[in-house]
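Participant: First the structure, then my questions, so here it is.
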Amino acid sequence: MEGKELAAGSTGDEGSRDALGKPLGPTPSQSRFQVDLVAEGPRKSCGDIGAAGKGGEEAKGRFRVNFVDPSAGGESPGEPGGGSSEGGNVQNGGDTVMSEGSLHSGGHHHYYYDTHTNTYYLRTFGHNTMDAVPRIDHYRHTAADLGEKLLRPSLAELHDELDKEPFEDGYANGEEGTPAGDAAAAYTPDSKGVVKFGWIKGVLVRCMLNIWGVMLFIRLSWIVGQAGIGLSVLVIGMATVVTTITGLSTSAIATNGFVRGGGAYYLISRSLGPEFGGAIGLIFAFANAVAVAMYVVGFAETVVELLKENGTLMIDEMNDIRIIGAVTVVILLGISIAGMEWEAKAQIVLLVILILAIGDFVIGTFIPLESKKPKGFFGYNADIFMENFGPDFRQEETFFSVFAIFFPAATGILAGANISGDLADPQSAIPKGTLLAILITTMVYVGIAVSVGSCVVRDATGNVNDTIVTELANCTTAACKLNYDFSSCQPQGGSECHYGLMNNFQVMSMVSGFAPLISAGIFSATLSSALASLVSAPKIFQALCKDSIYPGFQMFAKGYGKNNEPLRGYILTFLIALGFILIAELNVIAPIISNFFLASYALINFSVFHASLAKSPGWRPAFKYYNMWISLLGAILCCIVMFVINWWAALLTYVIVLGLYIYVTYKKPDVNWGSSTQALTYLNALQHSIRLAGVEDHVKNFRPQCLIMTGAPNSRPALLHLVHAFTKNVGLMICGHVHMGPRRQAMKELSTDLAKYQRWLIKNKMKAFYAPVHAEDLRDGGQYLMQAAGLGRMRPNTLVVGFKKNWRQGDMRDVETYINLFHDAFDVQYGVVVIRLKEGLDISHLQGQDLLSSQEKSPCAKDVIVKVDYSKKSETDTSIAFAPSSSERTPASRKDSKSSSSPLNVADQRLLDASSQFQKKQGKSNIDVWWLFDDGGLTLLIPYLITTKKKWKDCKIRVFIGGKINRIDHDRRAMATLLSKFRIDFSDIMVLGDINTKPKKENIAAFEEMIEPFRLHEDDKEQEVADKMKEDEPWRITDNELELYKTKVLACFGMLHHLKLPSASVVVVITMRIVIPVSLT
């Protein structure tokens, strides 16, 4: 089965030839392989061609497949030296077997494969054929470090090969390349020096360091004091629920295909499309950049506190924070620029310090020193646990305000995903590292919350003299039971205390066995988070810039070195962080940053829900532990938490995301990532189409759904724009294009044109579809389109064609085909609209396009004729025919086709000007509607729909009807009443009382002269000759037919004097009488 999941490859270089004339490089039969017979006899060097030849009699169907390295040159595949290889090659019975990894490791120019032991790189197990065995390289969409990107041969290419001469000795005669073989990409990535991380070093360590922030050492004890142990565990659990759901969603997306660099931006953009991805990518990169400043300021504040305690401030607190912060961020920048390997080593060191600090605290909880009891630390005690289990909110704090303070500590789960491009196996590393980091950090948070709540009381004076000597009757606190009276610290006590869970942010330092180690832990937590953010922001921004979502940032896409390091992004992140460090007003921007992170989490969760809802066959994550409804719940929870943290910051985040979304949508970046948005759009369209198919048509919902015989859409722009004026946002519009000629060539053109012209329609904002077909002639193609175009109820009901301008000079068979299209349209109950411009419609000869045949260019038939009159802009030409024309050029005009560089003559310039007429605002003009015969209302509906469009809104509708001279007023009132019932606005109604006037003699003479070349004149010929001529040329007019329809035809000629009058109308719409035999109506 021919699949669609093929990746484009670059054309391989043609191989040179040896002395025998055989190609050493890719050949049609083998592409980049060379097949030689391998002897089963003595094990000789696989490079010894002569030995292989001598053992040919003993061969048992085995072949040696010689892989030719496209990057090498000058060495023959059969050279004796080719048999040896570096690590990764295994000698097997004289044949060198190459592992997959060694293929891309570089080194030798030619590699050999044994078809019995390694068929991975073979086409059909050693036989010379273009059929390809399943291989990952056939399914790559973009170049990757994992291997080459190849095209397997399509059936069309195989058919083309069958048309060539047979192979001789495994080589195609006179050919040196095949489409599939030449498509093999010579992409051999140089992995030397590239640093790739595993799941522990790349994801687990980073996520743990980012989640374990300053909150762990400074704020967690205060949260326990406010909310109590029970609600603190609930706060941690709620935050964990949000992060765990997001982690599951991240794992699902990360395991649904190859993950490149860009972290959250890459995951969201490839799932929801560039609109959401571009919006989130920009604010997420900015949030990480500002987060660097936040963490560095947290570090600087701790250092300044230590300096203050020792009385060694440099200037003052604020300026010291700025100085220390600026120096710190410069050092972090240096570590980042030094390379990911150095940054990873720094993270490991910081993690070790952090773990030691946590261990220091845990050990300290078991060592309740007497000196620490006045400060509220008594060791593990059941009474303290029970007292601290319930909440005691003070200073207007609530459960949600405490949750808002804690939740930023739970962020950081995307620290590993943010460097996805630097992971050896992102699909495996991101799920394992992220989820395990959430589990470990949550357990540590809960453990420390319970521990500190079981050891330290809420309030303490720090005064050793507050011990109780005698039992106090009114003292019931846990401290009293432990012989300490801290009642003066209670809210009703009136004095302010500085120790205990509620009053001292340094409780963990006080509890720990070695306090400086806690300070080192605080330094480690802040610096590791700052370092992770400093690395994440440039990586995300670089991925965003590479996709050209925001063209102005293209310069930041450039990478340097083996790891493609975004040095420019590092500098930009450094400047943003330094700016906010110097401002030092982070309390206002901190909620916005938290909301930016939460917006990313919400969209990651929504991406999983959206992809599952779209039911795309491409959505099949290897990670199965997710649920679309849980992901939706996670997205909703993230949005709720945004408002809990700060409502105005949440609203601001929504506004920024919406603004960026609208900007990217407006810009329409030229990318196609197979997003779930596309999948859901398809699913909705499919479901609505099926639902619509079950609803019967109703006259109130009738709308013109047009099949336009345009040929190439850009060859008749006037035809296209005029029809688009009354179908845009109202009805269906399909551009039909009939390809004629050899079938196989036409099939290739169909595939190419379908993509090319549909893009052209979209680029020119045409809400239309392009439908090419292949047929023997125009009539067959038109029938195919009328019968098969559309889907369900969304099928054309109106055929639109251009007027065949050269019908008198052209081949009458073409004219017969053109007229028969009208009959075919009526047979399938289509309305027919024929459009005519005096200058013509077809401008393909002015565009340097390949000209279409006269049959293909002449579109089809008519029920309504639209005449576009340019007489007000050009020289007056009263020879106006019935309908605006689809300018069929004469044979002479085809010969005179000009290249785009040659100057245009007057006629071509008028044609070009006329072709763009309907793209302009029409101004205050008239649309004349000649409603001479009742056609069901299409003649009136089209002008009405045209006037509803912005470019035509100033145009007025004038209605012309036939009548009798003695009842003109009555006919006008009757039509006005009818139009009012139709709710059609009109400016005037003209009644033609003399419409049935007998034509003038000159008109009759002109008619007879016009039809003379087409008459049969059977009375002047023998019966047998006349019958034969009628059979061969059925378009000939017999005397009987002329007499039968002469009256009706002459009546039409009687109207010519009305139609020839000069008109200031931009469009004239006419309902024409169809002069055909009754049996064909």
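Glycine residues also receive a Cβ, built from the backbone N, Cα and C atoms like all the rest.
Per TrEMBL, the feature compositional bias 'Gly residues' maps to 75-86. Per TrEMBL, the feature domain 'Amino acid permease N-terminal' maps to 114-165. The domain 'Amino acid permease/ SLC12A' annotation in TrEMBL covers 202-707. Annotated domain 'SLC12A transporter C-terminal' per TrEMBL: 716-1072, in sequence order. Marked as region 'Disordered' by TrEMBL: 1-102, 881-904. Among the features that TrEMBL reports, transmembrane segment is placed at 203-223, 229-255, 276-300, 320-339, 348-369, 399-421, 433-453, 514-537, 570-590, 596-614, 626-645, 651-666.
Show me how these features fit into the structure around them.
Facilitator: Same-chain neighbours of the transmembrane segment (229-255): 220, 223, 267, 270-271, 385, 388-391, 399, 402-403, 406-407, 409-411, 413-414, 417, 420, 426-427, 430-431, 434-435, 438, 442, 445-446, 449-450, 453-454, 601, 604-605, 607-608, 611, 621-623, 625-626, 630-631, 633-634, 637-638, 641, counting only residues six or more beyond its ends whose CB sits under 8 Å from a CB of the stretch.
Cβ atoms under 8 Å from those of the transmembrane segment (276-300) belong to residues 213-214, 262-266, 268-270, 320-322, 324-325, 328-329, 332, 418, 522-523, 526-527, 529-530, 533-534, 536-538, 540-541, 543-544, 547, 549-550, 572-573, 576-581, 584, 586, 589-590, 593, 596-597, 599-600, 603, 653, 656-658, 660-661, 664, 669 of the same chain, restricted to positions at least 6 beyond its ends.
A Cβ distance under 8 Å defines the sequence-distant neighbours of the transmembrane segment (320-339), meaning residues of its chain 6+ beyond its ends; these are 195, 292-293, 296-297, 299-301, 303-304, 307, 313-314, 346, 527, 530-531, 534-535, 538, 561, 563, 565, 567, 570, 574, 577-578, 581-582, 584.
Proximity of distant same-chain residues to the transmembrane segment (348-369), defined by a Cβ-Cβ separation under 8 Å and at least 6 residues beyond the stretch ends, is recorded for 201, 205, 208-209, 212, 216-217, 377-380, 444, 448, 451-452, 455, 508, 511-514, 517-518, 520-525, 527-528, 531.
A Cβ distance under 8 Å defines the sequence-distant neighbours of the transmembrane segment (399-421), meaning residues of its chain 6+ beyond its ends; these are 197, 199, 202-204, 206-207, 209-211, 213, 215-216, 219-220, 223, 226-227, 231, 235-236, 238-240, 242-243, 246-247, 250, 254, 259-264, 266-267, 288, 340, 391, 393, 429-430, 433-434, 437-438, 445, 529, 532, 535-536, 539-540, 543, 564, 590, 594, 597-598, 600-601, 641, 644-646.
Sequence-remote contacts of a segment are chain residues at least 6 beyond its ends whose Cβ falls under 8 Å from one of its Cβ atoms, and for the transmembrane segment (433-453) they are 199-200, 202-204, 206-208, 211-212, 216, 220-221, 223-224, 228-229, 232-233, 236-237, 240, 243-244, 247-248, 250-251, 358, 361-362, 365, 380, 384-385, 388-389, 409, 413-414, 416-417, 501, 507-508, 511.
Sequence-distant contacts of the transmembrane segment (596-614), counting only residues of its own chain at least 6 positions beyond either end whose CB sits under 8 Å from a CB of the stretch, comprise 242-243, 245-246, 249-250, 252-253, 256, 264, 267-268, 271-272, 276, 280, 283-284, 286-287, 408, 411, 413-414, 626, 628-629, 631-632, 634-635, 638-639, 641-642, 645, 653-654, 657, 676-677, 679-680, 682-683.
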